Amino acid sequence: MERFKSNRGAHVNSGYDPTLDEPPVYEETNFSNEEHRAVRPSVMSAFGHDTLDRVPNIDFYRNAGSMSGQRAVRPSLQELHDVFQKGPISVPETVEDDGEKSDGTPSDDLESAAPLDLNKGGVKFGWIRGVLVRCMLNIWGVMLFIRLSWVFGQAGWACVVTTITGLSMSAICTNGVVRGGGAYYLISRSLGPEFGGSIGLIFAFANAVAVAMYVVGFAETVVDLLIEHDALMVDPTNDIRIVGCITVVLLLGISVAGMEWEAKAQILLLVILLVAIVNVFVGTAIPATEDKKSKGFFSYQSQIFLENFTPNFRGGETFFSVFAIFFPAATGILAGANISGDLRDAQAAIPKGTLLAILITGVTYLGIALCVSATVVRDATGNRNDSVPLGTYCNGSSEIACNFGYDFSSCEVESCKFGLMNNFQVMTMVSGFGPLIIAGTFSATLSSALASLVSAPKVFQALCKDNIYSALHFFAKGHGKNNEPIRGYVLTFIISVAFILIGNLNTIAPIISNFFLASYALINFSCFHASYARSPGWRPAYKYYNMWLSLLGALLCCVVMFVINWWAALLTYGIEILLYIYVTVKKPNVNWGSSTQAVTFVSSVSNALSLSGVEDHVKNFRPQILTLTGSARNRPPLLDLAHSFTKNYGLCITCEVFVGPKSEVLPEMNAGMESNQLWLVKRKRKAFYAAVACENFREGTETLLQASGLGRMKPNTLMIGFKKNWQTAGKDEVQSYVGILHDAFDFEYGTVMLRMDEGLDVSHIIKAEDEMLKAAKEQQENEMMANGGKGKGLFRKSRKSSQQVLTTRVSVNGAPPPQIAKMNERLMESSGLFKKKQPKGTIDVWWLFDDGGLTLLLPYILTTRKKWKDCKLRIFIAGEPGRSEADKEEMRSLLHKFRIKCSDINVIDEIHIKPSGDR
């Protein structure tokens with residue numbers, strides 16, 4: 001039976017607004033049943049009847065950290081089933097989860113600690129201001145006015161990559177709620193914290209450095225104007241630094257003032273940029289003046305367009321080298337997604353705004369490129385004296401210009417300063433009013449810098465909130481209604497100023513471009529991976545995507561990374577791999593329902609089915625152990641020895657039988673399922689926990705012996721502790737114990753019995769520890785309340801004192817007699833015997849009768865383990881008097897064929913003699 005977390009309460013939430021509220025978050029709901037509730041559900045009226053059931057409601061599927069309302073809970077199946085036997089008790093309508101009690105609590109749940117009204121009145125943007133405007137401003141960069149005429153053919157390829165990425169991102173965004181964090185949030189919730197944590201850090205850093213790149217571009221344009229008007233402050237290099245630092249300070253002021261002011265600034269910059277773009281189209285329609293003709297502009301001419309249509313690479317440039325220069329201009333498609341936490345409806349806004357921005361900017365790039373390539377020749381001198389009468393014959397590439405009255409043949413001998421291939425300011429020359437192009441360049445650089453200055457802290461804050469890198473949690477704190485990452489703004493400001501002062505960004509630029517491309521590649525791969533896993537939770541509202549197209553997009557991004565700069569691509573991959581390894585080793589305690597988990601499940605099922613078709617063979621036999629430990633931590637020696645047998649190469653199931661009426665023991669059993677498995681994981685024990693509820697112990701064990709395992713992965717060896725009190729226990733209890741051994745033989749199980757002088761069961765000591773720690777924690781909380789919350793080191797002190805008491809194994813009910821305390825001390829010491837490295841010695845194997853070899857195989861397996869490597873096998877066999885040497889030789893030959901080494905073979909030739917009473 002599936003175990004869902006108990007839910008109770010009414011289905012109506014007074015804070016629910018159907019127009020603004022979040023859709024349900026199926027992927028991040030915690031279905032843990034660890035927490036058992038003693039209260040009963042209340043009766044409500046629905047459809048004219050009194051009932052305990054609740055009608056479907058969004059509030060039942062919220063995260064605990066929902067910003068728009070608390071999560072309501074419904075009655076569990078067990079409560080509904082048992083309610084006729086117990087009286088109903090009213091309960092609250094909503095409940096908040098305790099994040100400390102569940103494994104893998106989504107990091108978003110941390111927001112539930114803040115009062116819900118903190119975000120009331122915060123600025124939220126729609127898809128136009130929040131996504132469309134930002135993406136367009138980022139994609140319309142300085143390349144639009146400076147290099148577009150030179151890289152016309154490469155723009156199409158860039159548009160293909162960004163469009164595929166946009167489609168993949170749209171699918172991911174519409175598969176559940178999108179919170180703050182942009183690309184990091186999308187990747188981490190799709191592929192898991194390992195991929196998300198690695199890409200999130202470098203993506204935030206890339207945005208911070210991008211601020212410096214855009215600001216330096218702005219500063220260089222300003223300094224060029226200062227040089228033109230002979231108004232330098234110091235020298236060109238230092239002037240770039242001065243202008244850049246002043247600009248960053250102003251941009252920081254706008255960002256810190258709040259998202260509303262930043263959005264207003266972006267609107268103003270967009271207006272300027274649109275005017276500049278319109279200015280270019282208008283300029284191409286104005287008849288050419290003689291000055292413009294000398295610089296290669298002849299208005300719209302079909303002959304010019306046909307000549308410019310074919311490629312003409314110069315100076316060692318190739319298609320890919322030119323593409324590497326242009327592509328960074330197309331890396332602004334995540335500008336809207338990066339502020340996903342500030343969007344009113346991120347699910348709808350990001351796909352709509354991003355794809356429309358790609359369409360508008362793509363058409364704009366294409367339109368301007370077509371207009372310019374149809375009006376300007378490739379080479380021009382800029383000298384009016386090069387005019388010739390119409391119809392004059394010219395040699396070489398200047399033939400087209402001759403048809404319009406100019407001879408530019410000198411450009412074949414010496415380089416010219418004008419024309420599409422030579423003049424990067426051709427847009428200014430073509431436009432109707434040149435200064436507007438300069439204003440457009442300023443707008444493009446400043447808007448991109450401002451967007452990056454906002455994006456970097458937002459993404460970084462989301463990464464720090466998830467606490468994947470614990471050292472960075474300081475930057476998770478937000479301020480104000482919009483939870484602004486002020487600390488992140490300051491850090492981004494410091495990074496950008498540092499790179500501005502360095503001045504030389506030519507080396508770092510390819511690395512930053514590759515960082516962005518790595519993010520695009522993982523977004524595409526996330527969409528492919530989620531589709532490939534075929535998880536029922538993958539059902540995006542946006543249907544216009546294809547998993548294979550997403551995979552192609554991921555591969556294209558990887559190829560483009562090497563096209564731009566091969567060493568930068570290798571460096572990017574190296575950094576990602578190192579961060580991935582770090583996060584994998586750290587194992588953050590999060591559970592986001594990633595597609596990686598889904599693929600793991602699919603692969604496990606597939607492998608289990610494949611294994612079912614494999615026939616048993618003696619060479620592939622390995623012990624697969626079912627060990628009766630009770631709770632996973634109650635009998636450590638049993639579990640540790642079983643783990644030594646199976647290690648990471650065999651199946652180990654630790655089992656517990658809950659004896660009693662099911663209605664009484666089921667809640668306890670269900671509550672402990674998850675905690676026991678977590679205990680095994682934390683102790684690095686490669687084992688599974690299983691439990692059953694039965695009327696008596698033998699029936700439960702019999703059920704486990706028959707039903708445990710999956711396909712070929714079924715236990716073949718029962719491991720059980722020796723019944724130490726067999727002499728004083730009741731007859732039925734002893735018969736039950738012996739009956740379990742017979743049941744194991746009936747079901748063809750090998751049987752291992754572990755006996756230790758001090759015993760195996762430490763459950764009473766563990767219970768005392770838990771109660772002592774609980775008492776210490778309650779004492780800490782009480783004293784903190786008495787001190788007004790000032791008790792920071794109190795719990796550490798209380799815990800230390802409790803541990804000192806537990807060292808002597810004191811019960812919470814008072815100090816036991818000294819002999820009992822000493823016994824408990826020896827019991828706890830012996831319980832860790834098999835965790836330690838075993839001293840040099842022997843493992844005695846009494847192979848008196850042939851049982852198929854299990855008696856010999858298990859000790860041999862122990863000798864292959866690191867902790868047992870100093871122990872040698874010593875074999876004891878039964879023999880006949882007078883044949884000791886012959887029996888030894890036969891056994892030595894048999895062990896040689898088995899390829900098992902032993903230190904000694906001892907023959908017991910008195911086995912037929914009955915024991916005497918004096919021995």
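Cβ coordinates are placed from backbone N, Cα and C, and glycine is handled just like the others.
Heads up, TrEMBL stuff is auto-annotated, nobody curated it.
Quick look at what TrEMBL annotates:
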| type | residues | note |
| --- | --- | --- |
| REGION | 1-37 | region 'Disordered' |
| DOMAIN | 38-104 | domain 'Amino acid permease N-terminal' |
| REGION | 88-113 | region 'Disordered' |
| COMPBIAS | 94-111 | compositional bias 'Acidic residues' |
| DOMAIN | 130-626 | domain 'Amino acid permease/ SLC12A' |
| TRANSMEM | 131-149 | transmembrane segment |
| TRANSMEM | 155-178 | transmembrane segment |
| TRANSMEM | 199-219 | transmembrane segment |
| TRANSMEM | 239-258 | transmembrane segment |
| TRANSMEM | 267-288 | transmembrane segment |
| TRANSMEM | 319-341 | transmembrane segment |
| TRANSMEM | 353-377 | transmembrane segment |
| TRANSMEM | 433-456 | transmembrane segment |
| TRANSMEM | 486-505 | transmembrane segment |
| TRANSMEM | 511-532 | transmembrane segment |
| TRANSMEM | 544-568 | transmembrane segment |
| DOMAIN | 635-916 | domain 'SLC12A transporter C-terminal' |
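The stretches the transmembrane segment (486-505) and the transmembrane segment (544-568) do not meet in space: the count of Cβ pairs below 8 angstroms, excluding pairs fewer than 6 apart in sequence, stays at fewer than three.
By the Cβ criterion (under 8 Å, sequence separation of 6 or more), the transmembrane segment (267-288) is not in contact with the transmembrane segment (544-568), since fewer than 3 such pairs are found.
Within the same chain, residues 160-161, 164-165, 167-168, 170-171, 320, 323-324, 327, 510-511, 513-514, 517-518, 520-522, 524-525, 527-528, 531-532 sit at least 6 positions outside the transmembrane segment (544-568) and bring their C-beta atoms closer than 8 Å to a C-beta of that stretch. The average per-residue pLDDT of the prediction over the domain 'SLC12A transporter C-terminal' (635-916) is 82, rounded to a whole number. Counting Cβ pairs under 8 Å that are 6 or more residues apart, the transmembrane segment (353-377) and the transmembrane segment (511-532) reach fewer than 3 and are not in contact. Residues 141-142, 181, 183-184, 187-188, 239-241, 243-244, 247-248, 251, 338, 441-442, 445-446, 448-449, 452-453, 455-457, 459-460, 462-463, 468-469, 491-492, 495-500, 503, 505, 508-509, 512, 515-516, 518-519, 522, 572, 575-576, 579 of the same chain lie 6+ residues outside the transmembrane segment (199-219) yet bring a C-beta within less than 8 angstroms of a C-beta in it.
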